[in-house]
């Protein structure tokens, strides 16, 4: 530069333009790479196993998607499914969030239109990774909106591989959350954009984003509570503006009207307690606007103060009375159990065992925070610090999003997912700002040298130069060291994320893998074996009773009617099944007959050491059954408060139906060398009742590794 | 040679209908009956009873109970439609027959008559237990009745009883009233309280008890009064019919022919009721009476004829079923006024008595309740003596589709008005706001 010819200014100009282009090029290529990375890092499960749907709920989603592709939207909308919840049936169309299925079918139709002969299953398998990729783009724009494009890029990279998000969006995990996180982040981004610009168009877009979110996932309640809370905070901190007024009112009214179009939500949006906060804030906004106008009209401050007092008091009173009347008359429904359990983590445990029994509803352990966030956990507070240093409407939003969702993530494991985008964004701010500051330090030192040789610059710059000059050597080394440290941490993060994805989150859980004695991989495909057996060997209208966990899979893969399934809408029905499982056989058979059950299916891990089987879930069956039928008492199944299945187990435990069905013929089996027969490998004990006799049921099928056992209900005795 | 073949084939084809003339759902009356005896003397001493059966067209095959060649089934097919065990003292059946084989025989829908006697073997007792009756455990016990005994020439030990405590059912005992008491000498039994299917057809009088007549009574007898059953029947869930009695001699020619006079009664009957009673009950046992079938179950919406795959709530529907009774030779319409239909989902939502046209057709119509779910049309017709009819047909009931609701309802007109006046007002307001001044 120093040897530049005379036309330096011209060249400099063109060079400057070039930097901008280069910067754009780099940014776009980084985004493209991130987009691809987010997709391919989620393909471990497909490569390891096969292209299949994972877990429990995705099977229901898959089944409904299949129905949608085959029968069209109106049949789907009106679908009454009589294969589940026998004999009650389930109005599927009115009790699900159709966003995921519609999205998948739309992608499927587009691909078909483009002459890609794909099967709907492939589309379903890859929907979540595709939306994860889209989420990275939204994260970039969101980061750009609240901070700068550097923070946006870092946020995109962080969220692309963050395990907290990958856990719910690997290929095959065809669940509502897969698209919902995209919708959530998109809604927030567009809303913040609307608040920043005050544009009606952006707030309209956020209303549509909200509509998509409502159609996709029940987690939309988070949006409709967080945004009013944010608005309230802005009002309190005196940041009320016309932009906010436009953004919120438009978003709320249109979003509400759109959300009410989803059958599952319907009038809940104006009637249930969870949505009342949004409505209250909406009216508060109108009061604020009115007061602003009055203030503008009245020049007398004293008069305005009096007016303000009267208005606020009466507004609060009217609101309180309306809420009270609504509650008393039942027009406004109270909060649901799930909502309560979010605010009070101990609520579900005491009152609703069916919510507490789900493993993903458990309070989060510290280790899983570390597991899912890794360094983001440390960067999060740093990012919050930067946000507080540069408070704006946008940063206030992200701070509130981060703090509330972190609280919810602590209450329930599955809500780590909701917190992940916020954590990534805030951490991105920390990373981006730190790295930027450090590089500025490094580069400004170079500049000092350069500027020293070139002509002098402005006074302010020289003063800062002087400041820099004072501690130059220490700063330079420190900056380099810190930069390396940062890069080291970030590379550790990438390694950790990849490792977690490949080891922990890419297992389909319907096919189990274990290490054999020689280090080779052993695959247990018992679930599909059992469901296939059901499909092939039982009558078309056979009814299968199992614990609700397996309901969706039995209907989707076995194509048989189930009594209860993972849509736990009727607690009594589930409790009836729980009661049957925890009763003696001759009592259970009455329940089984009254439900017209033909087959009973249990999952048993004693042979393989598979620990999430029905014996380990059994106490929840007792609790849920006992919650409705007090004849079932939990202490009957425990010995000194201890749950055991060996010789010291409670007599009721040793003779209840679930125990008998799991351990039938198990007493004569050698499971492990050097152990007595009937040694349960999942519990590590020798079972207590080896001589199990069944009277009303008979073994129909047991899979090769005994994981699934199916029993046929015998007809009533002919002569008795 | 060819001619011989031809004759063979011809004779087989002629005989085939007769060979196949066995129990079937279409002609439920039994045809081939295996009679197992203690010794062949019973053939002649009980010939009246056997002849009565033969004259009704049954094909009786007499075998000794310990004949090593007897078998109930061959190549998985049952050779007989019914089994009569007149072998109270047999310790072990010959051939492949044992208790389990007899139980299986019954469980696959075949009928059984068991006659025990004093000193009945454990084997026969076991058969009785499987059928839901418990014979007195004392092997030499007999039913003794010092009040209701039958007057006989020699003043005996009152073990020959004259009983007339019948079950009240014309289907089981025939339309004609049995005038004369039944002569009975043998072991008594009690029906097992756990068994809900066994019925006492002939009970002992309240003064009867079961004990060994030769020894002095030291302890209270285990079976007393009308708890003692003399003749019991079972109609199994698969409609197999069983008869159990503790007296073989009640089937004998001597009892059939002898006159009877109950103690303390002036009326002396020329002939005991045994023949009428046992013949009538054998008609019931062998499905010549009281056998129902239900065919042509139909249901459809009112005004349609096709059966839909599922109904909608509040649909009007019609249900019809034809019920016939087997008369021994042909299917006659079953006439009753108490056949009921349930529209059932865990509990009956609709319970209606079907109206009959006296020609076997039962029908009704009703409105589907305003509840969706998987319902069943259930006809549970269980009437004493008749085979149990238990029809159930699953049918889902769906809620309204989104476009099956009323589109414009009068109650909503204020809302329509509000919406349109709002639109108009907004338009006028915008116009005024933009173009005034």
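We count from 1, first residue shown onward.
Backbone N, Cα and C define each Cβ position, glycine as well.
Annotations in TrEMBL come from automatic prediction, not curation.
Worth saying up front: this structure is predicted, and the values here are computed from it rather than measured.
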Of the residue ranges A:70-90, A:91-111, A:343-363, the one that TrEMBL records as transmembrane segment: A:91-111
DSSP residue counts for the domain 'STT3/PglB/AglB core' (A:543-600), split into helix, strand and coil: 33 helix, 8 strand, 17 coil
Intrachain neighbours beyond the transmembrane segment (A:395-417), with Cβ under 8 angstroms and 6 or more residues off its ends: 146-147, 164-165, 167-168, 177, 181, 188, 191-192, 195, 222, 226, 229-230, 233-234, 237, 239, 341-342, 345, 359-365, 368-369, 372-373, 380, 383-384, 387-388, 423, 425-426, 429
Contact set, same chain, for the transmembrane segment (A:276-294): CB under 8 Å, 6 or more residues outside the stretch: 224-225, 227-229, 231-232, 235, 240, 245, 248-249, 252-253, 256, 270, 304, 307-308, 311-312, 315, 319, 323, 332
Feature contact check the transmembrane segment (A:91-111) with the transmembrane segment (A:179-204), CB under 8 Å, 3 or more pairs: yes
Leading stretch by Cβ pairs under 8 Å, where the reference is the transmembrane segment (A:245-264) and the options are A:24-44, A:91-111, A:149-167, A:306-332, A:369-388: A:91-111
Interface-richest range of A:24-44, A:123-143, A:149-167, A:306-332, A:369-388 toward the transmembrane segment (A:91-111), CB pairs under 8 Å: A:123-143
